[in-house]
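What follows is a set of notes on a single structure, which appears directly below.
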Amino acid sequence: MRRAGAACSAMDRLRLLLLLLLLLGVSFGGAKETCSTGMYTHSGECCKACNLGEGVAQPCGANQTVCEPCLDSVTFSDVVSATEPCKPCTECLGLQSMSAPCVEADDAVCRCSYGYYQDEETGRCEACSVCGVGSGLVFSCQDKQNTVCEECPEGTYSDEANHVDPCLPCTVCEDTERQLRECTPWADAECEEIPGRWITRSTPPEGSDVTTPSTQEPEAPPERDLIASTVADTVTTVMGSSQPVVTRGTADNLIPVYCSILAAVVVGLVAYIAFKRWNSCKQNKQGANSRPVNQTPPPEGEKLHSDSGISVDSQSLHDQQTHTQTASGQALKGDGNLYSSLPLTKREEVEKLLNGDTWRHLAGELGYQPEHIDSFTHEACPVRALLASWGAQDSATLDALLAALRRIQRADIVESLCSESTATSPV
């Protein structure tokens, strides 16, 4: 019985020992599975990994991993690793320009300069293909895509070889024009005004009411209305015939007559205004001489009378003259065909609208070479530097800028420049 009890006790001890060993194995195995790097020091400690922007200075072994930060614009590390050191940044060479700088956690991103694209097979920058005359742009040349062109379909044309302009719609002649040349894929249609087409007028029938001029002197209308009404009456008198003017020679001979009549009307109007002002000043001077010394000046808003029978409020006359002078100053300020004559607010608006790479396309249309365009990228505001450089040229006219904007399909900027009127006439 004692031997049987001893044997059972030994078996229990053996089972307990196996159970303990199994538990220890499971615990050690679980500890190793939680190590993300899968590497351990000689003492069994899990090796730590270096974060993004850090590289391994001393690998894990006898001691724990030693990390060091990468240097901005010199080295980078874009992986979490216990073995990878910081890698040197990529340099953009030749026809490449940097679109994203090298930082501690990301490498530099290079792209081909304006007018070039990166060939996927060779990796080199190749010149963008040019759409020839009669072909237009479908997809622009950028990054890893070359220019995609198409032959201009019917109703469109392209008369320039470049890699930025699509096929343009053909010009349609108006009813008052005749077509000299049809539109082809490589040339636009050409139109010409039809000469000798005049508006015919019929004489009024007998017995109709005819307005007779009034003997009373009417109130002087504004200058622009007086000129328009006088010219309209003159043209009606000369052209008021029931027979249309058919011969071209007669129409050409009447043009000097119209010009002479218009000049006479303008001279007469100027003389009339000068006489009225001189007469008014003369009466004011006579009134000042005959007024007593202690007489107070007329209050604001008093009516001024002249021999013409016209009653004018002095305050309204002063406000109208001030408004006229202000409008004239605005007209003089806004006049001019140079880009530098634009108001500062308009130039700043153009700079804001030229976002992205649009200013590069505009620079190419204004005649700048790719090397010169790249030099603007070193400025704080490349768009402002481009427009300032171009605006200093004698040929920097507003018409040239509008034409270049139309060629790069930026009609919104053209509309913004043309929307604001320079001045308004006083009423």
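Placed from the backbone N, Cα and C atoms, the Cβ positions cover glycine too.
Per Swiss-Prot, disulfide bond is recorded for CYS35-CYS46, CYS47-CYS60, CYS50-CYS67, CYS70-CYS86, CYS89-CYS102, CYS92-CYS110, CYS112-CYS125, CYS128-CYS141, CYS131-CYS149, CYS152-CYS167, CYS170-CYS183, CYS173-CYS191, and the stated evidence type is sequence analysis. Taken from Swiss-Prot, the feature phosphoserine applies to SER314, supported by similarity to another entry. The feature repeat 'TNFR-Cys 1' is assigned by Swiss-Prot to 34-67. Residues or ranges marked as repeat 'TNFR-Cys 2' in Swiss-Prot (evidence: sequence analysis): 69-110. Annotation comment: Swiss-Prot describes 111-149 as repeat 'TNFR-Cys 3', evidence class sequence analysis. Swiss-Prot lists 1-31 with the feature signal peptide, giving sequence analysis as the kind of evidence. What Swiss-Prot lists as topological domain 'Extracellular' is 32-254, and the listing cites a curator's inference.
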For the repeat 'TNFR-Cys 3' (111-149), find every same-chain residue at least 6 residues outside the stretch whose CB is under 8 Å from a CB in it, and list them.
94-99, 156-168, 184-186, 357, 360-361, 364, 370, 373-374
Find the average pLDDT over the topological domain 'Extracellular' (32-254) in the predicted model and report it.
80
Starting from each candidate's C-beta and looking 10 angstroms out, tell me which of the disulfide-bonded residues CYS183, CYS191 has the most other C-beta atoms.
CYS183
Sequence-ordered, the disulfide-bonded residues among CYS67, CYS112, CYS128, CYS131, CYS149 whose CA is within 10 A of the CA of CYS92 (disulfide bond) come to CYS112
CYS46, CYS70: which of these disulfide-bonded residues has the sparsest Cβ neighbourhood within 10 Å?
CYS46
With DSSP, how much of the repeat 'TNFR-Cys 3' (111-149) is helix, how much strand and how much coil, in residues?
0 helix, 18 strand, 21 coil
List of residues, in chain order, with Cβ under 8 A from that of CYS152 (disulfide bond) and at least 6 apart
GLY134, SER135, GLY136, SER158, CYS167, PRO185, TRP186
Counting other CB atoms within 10 A of each CB, which of the disulfide-bonded residues CYS35, CYS131 comes out lowest?
CYS35
Per DSSP, what is the residue count of the repeat 'TNFR-Cys 1' (34-67) in each of helix, strand and coil?
0 helix, 10 strand, 24 coil
